[in-house]
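Here the structure is laid out as structure tokens; the discussion comes afterwards.
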DNA sequence: TTGCTGTTAGAACAGTGTTCGTTGGTAGAA
DNA sequence: TTCTACCAACGAACACTGTTCTAACAGCAA
């Protein structure tokens, strides 16, 4: 192997980029990697460009702006959500399976909940997810307007419930949130009992629920509420379910 | 009235600030005014300092950082929320009254929902609000752990439901969100029916609910779900309710 | 008067998203 | 083959952001 001859100095040393050429897919993929590893605050256009061995301006040829980039990242991740094919006999369980899958995905990508806020998933994966979600909602015998809103309500629920679970992927030590809970608990119990009887009394229940039990409880509450709107099984108002 | 004599130029024209002296209260008050008028994105430390006729560095003598400032703004606004004194006979109605008040406050201060995200209201007004909320929850006969979580769940619900109602205070024209809804609706109906039967069928219901009806519906769903946990009235587990 | 403490503020730091203007390579037309 | 569009690439810069450093200053206790 002979060393490549150094370019003569009077000839501008134009280095043809030997790296993988830029593309929207590649940009989105690397952005997601940064998000997972270091969180949303670390995901700047400069940081992303650096990871791709280019300048920030180059990204704008493939992505309109950062907001669109986050749209794309969000949609990409939505492909990981598993939504059961409806089986009316198992409706409440299936809704919960869907929500648990959504939660798992949201928790396995750092800050994804923050990214998802006020973003309507209309990308290719998002639309497929919506279709399946609507199928599932309708399988429960919910009237159309209730079913439509239920999809939003449930997704919002998962978002807010995972917002503060800032764990990076994998089981991190549960010490930090627990210490924070203990701090709040001691604050609540330190309040004057005469003015805050309920807070003092409830300091325990307020701070003792961990993320997973909160989630399971919230799910159960909403599903029970939705069930009260279900018509008796049988009369379906057309439109297939797959 | 004699004009004040201009300071001689060889004497450094030190202008003693004739304006209202800085204080945390004043800073928070002006910050809230900017938030209401121009939204969260317009609320920068420089903008705030300018409004107070000073430099951004001066603010940091009264406020640790922007995050603490937003904590203070949030707590200030929470004083406007009206929480009914519990009357067990009217429990579901009272919960709704509380939530409607919360919604009104969130909507009457631009971007307040965004500010409130992942902020636990532990300021003076926030704690009083929590106390009253807990009193209300317990009056419904909910077990302690359910009552504790219900407070969070309901507040989160109002937050997410008001996140996109970016109306400035007062009844603004409802044209913008309605146009956006129409846009989404036409997109959904344009999808291929064979692959998206449910989305096409549901395009109407999905896009026809306005903010208020969504809110009323969501409230009803959650309250119904919570009611299923209520113990039969009578056995209270101590601790006063005011 | 002398310190001292805490407020005021200009300047600056390190970062942000985005745009401008210029390159350079290449695909298509002549 | 030659010329010409076109467009990705990208250094530099713009207008910001939150925050800190530093020095000067005011009010007040000793």
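Just so you know, glycine gets a Cβ as well, placed from its N, Cα and C.
According to TrEMBL, the DNA-binding region annotation covers A:44-63. Looking at the DNA-binding region (A:44-63) alone, the prediction's average pLDDT is 96.
The compositional bias 'Pro residues' annotation in TrEMBL covers A:1-20.
Residues annotated as domain 'HTH tetR-type' in TrEMBL: A:21-81.
According to TrEMBL, the region 'Disordered' annotation covers A:1-21.
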Same-chain residues at least 6 beyond the ends of the DNA-binding region (A:44-63) with a Cβ under 8 Å from one of its Cβ atoms are 17, 19, 22-24, 26-27, 30-31, 33-34, 69, 72
Mind tallying the DNA-binding region (A:44-63) by DSSP state, helix then strand then coil? 11 helix, 0 strand, 9 coil
